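**Q** When I checked TrEMBL for this same protein, it listed these features:
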{"type": "ACT_SITE", "residues": "H86", "note": "active site, electrophile"}
{"type": "ACT_SITE", "residues": "E156", "note": "active site, proton acceptor"}
{"type": "BINDING", "residues": "N6, F7, K8, G162, S192", "note": "substrate binding site"}
Amino acid sequence: MILAANFKMNHTRASTRAYLQKLESIDKGDVALYLFPPFTALDNYDTAVATIGAQNAYCAQSGSYTGEIGLEQLEEFGIKTLILGHSERRHLFGESQELITKKFAFFKEQGFTIFYCVGETQEVRESGSTELIYSYIEQQLEGIDVAYEKLIVAYEPVWAIGTGKTATTEDIATMLEFLRTKTKRPLLYGGSVKPQNIAQILQVPECEGALIGTASWNVDTFMTMINIAKEL
Ligand SMILES: O=C[C@H](O)COP(=O)(O)O
């Protein structure tokens, strides 16, 4: 079971350190924990409780890429885990599939664990066509090595992210079954996961964990979810 906390643009280095200190007290059982702080909160944290990853990075060692960080900056903190293809990168910041594919190839070559996100928009979901939803997701997998041994795929319907709306367990099951036909790698769900729904979600067949935004920002809430997950 995997639980990943995506801090998005929340937390500082000081608050991430305090978060980790508190998290250290948990007995996480068999749950593998990942934490994705914002760039400025990356550091050499002396922790064994969670793997620290980056929310994004550019596909170069270093260079003239204003506003980006690359391999050199990640290596300073020994970071070998990355989220790619998050819907906020795709839809708010206009990342194309072509760019995401380039990033994937670069960081795969570097041996990174990659949390790769896919998910349909509300418009696509409301079309009512399963075929359209599947083909939308297939486009997001174009150019991605779905057999990469350090790949983790997160299904995150855009309309469920940060909205409080969660996909039904039936919808999640259908989408994860579809993704299972594409890859044998672990499949996660993300989109308004919280203590009230995490048990149901984690019991969906093929669901091997959750990528959690909002409900992970408070360490006590994240710990509540870890305690629920480890009992399943
Ligand atoms: O990366 C996490 C997802 O975007 C889910 O975010 P959320 O839990 O705030 O809906």
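Glycine is no exception: its Cβ is also placed from the backbone N, Cα and C atoms.
Note that the coordinates shown come from a computational prediction; the quantities given were computed from them, not determined experimentally.
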**Q** With H86 (active site, electrophile) as the reference Cα, tell me which of the recorded positions N6, K8, E156, S192 is the closest one.
**A** E156
**Q** Would you mind reading off the Cα separation of G162 (substrate binding site) from the residue listed as 'active site, proton acceptor', to the nearest angstrom?
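**A** Between the Cα atoms of G162 (substrate binding site) and the residue listed as 'active site, proton acceptor', the distance comes to 11 Å.
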**Q** Please report the number of other Cβ atoms within 10 Å of the Cβ of H86 (active site, electrophile).
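**A** There are 28 of them.
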**Q** Judged by the number of other CB atoms within 10 angstroms, which among N6, S192 is the least packed of the binding-site residues?
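**A** Least crowded of the binding-site residues N6, S192, by Cβ count within 10 Å, is S192.
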**Q** Fewest other Cβ atoms within 10 Å: which of the binding-site residues F7, K8, G162 wins that one? Let me know.
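**A** Comparing Cβ neighbours within 10 Å for the binding-site residues F7, K8, G162, G162 has the fewest.
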**Q** Looking at the binding-site residues N6, F7, K8, which have a C-beta within less than 6 Å of some atom in ligand 1?
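**A** Going through N6, F7, K8 in sequence order, those close to ligand 1 turn out to be N6.
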**Q** Under 8 Å Cβ to Cβ from E156 (active site, proton acceptor), same chain, six or more residues apart: give me those in sequence order, or none if nothing qualifies.
**A** H86, S87, C117, V118, G119, Y189, G190, G191, L211
**Q** When DSSP states are folded down to helix, strand and coil, where does N6 (substrate binding site) land?
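**A** Note: N6 (substrate binding site) is in a strand by DSSP.
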